[in-house]
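Colleague: Handing you this structure, nothing more for now.
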Amino acid sequence: MEGKNFLRCLFFICSVVLIMLFTAFNFPTPLSDKSELLECATNSAWCTAKNRILRHPHRAPLGHDHTADVPHHPLDPLTIQEMNKVQKVIKSFFGKSVYSVHSLVLEDPEKQVVLKWQKGDPLPPRKASVIARAAGKNYLLTVDVESGEVVEHDTSHISGFPLVTLEDMQNVIFAPLSNAHFNRTILERGVDLNDVACLPFSPGWFGKAEDGRRLVKLECFTMKDTANFYMRPIEGIIVITDLDTSEVVEIIDKGKHIPIPKAAGTDYRLSAENGPVIKLPNPISMEQPNGPNFVVEDEHLVKWANWEFHLRPDPRAGVMISRARVRDPETGELRNVMYQGFSSELFVPYMDPEEAWYFKTYMDAGEYGFGLQALSLDPLNDCPRNAKFMDAIFAASDGTPYVRSNMVCIFERYAGDAAWRHTESPITGKLILEARPKVSLVVRMVASLANYDYIVDWEFHADGLIHVKVSLTGIVIVKGTSYVNMNQVKENEDIYGTLLADNIIGVVHDHYINFYLDMDIDGLDNSFVNVHLQREYTHGTSPRKSYMKVNKTVAKTEKEAQIKLKLYDPSEFHVINPNKKTKVGNPVGYKVVPAGTAASLLDPEDPPQKRSAFTNNQIWVTRYNKSEQWSGGLFAYQSHGEDTIQVWSDRDRPIENKDIVLWYTLGFHHVPCQEDFPIMPTVSSGFDLKPVNFFERNPVLRIAPYVENELPVCKAAASA
């Protein structure tokens with residue numbers, strides 16, 4: 001009986017930790033998954049803990065009931081009713097075989113079908129794209145929602161596995177605690193087993209010896225005396241485990257000499273701080289008592305100012321922006337800008353080659369699901385009070401649909417910036433002062449990828465610009481060390497990071513986020529232009545010796561559009577429609593304005609770099625192919641790197657005056673500093689998609705200025 005109580009205690013502790021970290025995967029809200037109901041029936045402590053978390057007062061309120069939802073647009077996500085139909089088909093397809101669903105989403109209709117569809121037309125046939133596993137095999141299926149017809153696609157030529165499910169993780173976290181060697185070494189370090197939390201991390205891929213099994217590497221921490229257990233690693237223990245069987249394959253145990261960092265000062269919660277709370281005496285909030293200036297029609301069609309686009313949550317990409325169109329102020333015409341845009345893949349390599357760290361080269365979208373890890377947003381702190389929220393419907397590992405409430409928020413932003421302005425001095429005989437407010441529309445989601453939080457904004461401006469921003473915050477993953485001061489570090493010794501506090505090293509790492517941008521500027525057939533800026537000499541024809549000259553080159557094939565940015569050899573990069581010109585003869589277009597330009601310094605033949613080859617260049621342009629959406633490959637988990645954008649682009653297909661896709665990689669180098677301890681302030685960067693000769697003139701010329709008596713006067717009120 002004593003042994004059973006001990007195991008129950010361990011089960012409860014690990015379950016609570018897993019809930020806190022991975023709520024984002026597939027916990028239904030409210031409780032609806034059969035496996036979850038069974039868990040509640042057999043383990044009331046687990047159920048109570050989970051319900052406490054789901055009902056936390058600071059979490060966003062639940063959205064409306066989605067059981068009666070119906071699709072209105074060809075790109076609307078699958079509804080609960082549709083997913084239930086697909087689940088029955090999947091169950092029948094696999095028969096008595098044990099299977100797991102790793103993705104169940106809408107299979108987009110063909111692009112031409114979507115472009116021809118108009119509101120009021122019948123919807124094209126609704127189909128589901130399903131990624132599943134059974135008997136050690138990956139399955140990619142297309143399921144007709146109405147007929148139940150199933151088409152199986154061959155994926156035998158693609159290495160790797162689908163993203164892991166929460167059930168995978170939930171099963172494997174208990175594996176170390178069932179291993180006598182592991183328990184013994186934990187006790188030898190003076191750690192109470194009741195305080196241990198082990199988290200599953202993807203292993204990357206480093207050779208054929210790792211093929212044939214879905215593996216995970218568990219790293220362990222102590223939760224004692226802090227909520228921020230990431231700052232208390234049990235350094236040097238890595239438990240390699242088979243995800244399918246939960247069998248412990250190997251235990252690496254090389255850190256017994258490294259002390260566990262103290263808990264003091266690691267807790268980031270406001271309640272844990274002993275000093276005075278820093279609070280502005282007059283809080284700031286953007287209020288819209290008359291309501292917002294945008295509408296969301298039929299759940300997913302967003303209309304604001306001169307913009308219209310389709311918005312849907314996605315378990316892998318986070319959010320997908322589709323059919324982005326802007327209204328021309330001169331003609332009133334809604335003009336195509338971008339058919340689809342989303343986060344395609346992430347790459348987070350840690351720069352420590354030692355045994356317990358070398359594999360930490362995460363591809364978070366393809367290994368865990370960027371959207372699956374997006375939690376409900378905090379209405380007053382993640383998003384302003386004037387925000388509106390959108391729910392997501394995802395599938396659990398048995399195909400059961402569940403609701404992720406308030407995963408996306410939409411709000412208008414005004415920060416006192418000018419859309420344009422000019423003051424003319426009295427040279428003209430009178431003072432001219434003209435200024436216009438810059439108001440934008442923001443679509444936001446936040447993914448909590450274990451220790452790190454990624455805030456992704458798609459921001460639409462009335463002048464036609466789209467700003468895509470990624471903000472990083474959360475907790476730096478740290479390495480335990482015996483050092484408490486830099487004077488202990490030997491000369492020329494590489495500690496692979498920064499000593500942040502006693503016994504804690506913040507390891508150097510990178511963050512890369514690759515974006516898929518299917519630009520359709522006024523039509524499908526576009527071209528990519530390198531607008532090269534170079535020094536030109538006057539050769540004595542002017543008092544000036546030199547000036548900057550513009551040379552434009554249209555990329556003929558994909559390899560010509562593999563772009564590494566160079567500070568002292570600059571270019572602009574335009575996507576144009578050569579078939580449509582302005583009144584004065586310029587081709588209409590948009591340009592990508594780079595920022596966040598960190599480049600990977602890994603060797604091109606290093607396995608992590610081959611798998612995340614999208615970081616070989618900051619900009620790529622490929623021929624549109626419906627199957628080429630995920631720049632790190634369809635099956636990123638333990639992939640070899642043979643299904644990446646590098647492989648697609650090296651086919652060197654023609655791209656001039658064709659349907660093309662622009663890819664941009666936003667990059668951050670992160671050398672941790674003490675200000676990142678115990679939780680890091682937000683760091684942001686982004687890029688712009690900006691009109692270039694798209695309009696005949698300034699599209700916000702006629703925006704009205706603010707007038708005092710037209711603005712609302714707000715009174716302070718308690719938050720809802």
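The backbone N, Cα and C atoms fix where each Cβ goes, and this holds for glycine too.
As listed in TrEMBL for this protein:
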- 7-27: transmembrane segment (TRANSMEM)
- 73-153: domain 'Copper amine oxidase N2-terminal' (DOMAIN)
- 162-261: domain 'Copper amine oxidase N3-terminal' (DOMAIN)
- 285-701: domain 'Copper amine oxidase catalytic' (DOMAIN)
- D364: active site, proton acceptor (ACT_SITE)
- Y452: 2',4',5'-topaquinone (MOD_RES)
- Y452: active site, schiff-base intermediate with substrate (ACT_SITE)
Colleague: Just to verify a number: CA distance, the residue listed as 'active site, proton acceptor' to Y452 (2',4',5'-topaquinone), in angstrom, no decimals.
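Modeller: Given the Cα positions, the residue listed as 'active site, proton acceptor' is 11 Å from Y452 (2',4',5'-topaquinone).
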Colleague: Do any residues at least six apart in sequence from Y452 (2',4',5'-topaquinone), in the same chain, have a Cβ closer than 8 Å to its Cβ, and if so which, in order?
Modeller: V348, L472, T473, G474, I475, I477, H511
Colleague: Within the domain 'Copper amine oxidase N2-terminal' (73-153) only, compute the mean pLDDT.
Modeller: 97
Colleague: Quick one: give me the count of other CB atoms within 10 A of the CB of the residue listed as 'active site, proton acceptor'.
Modeller: 25
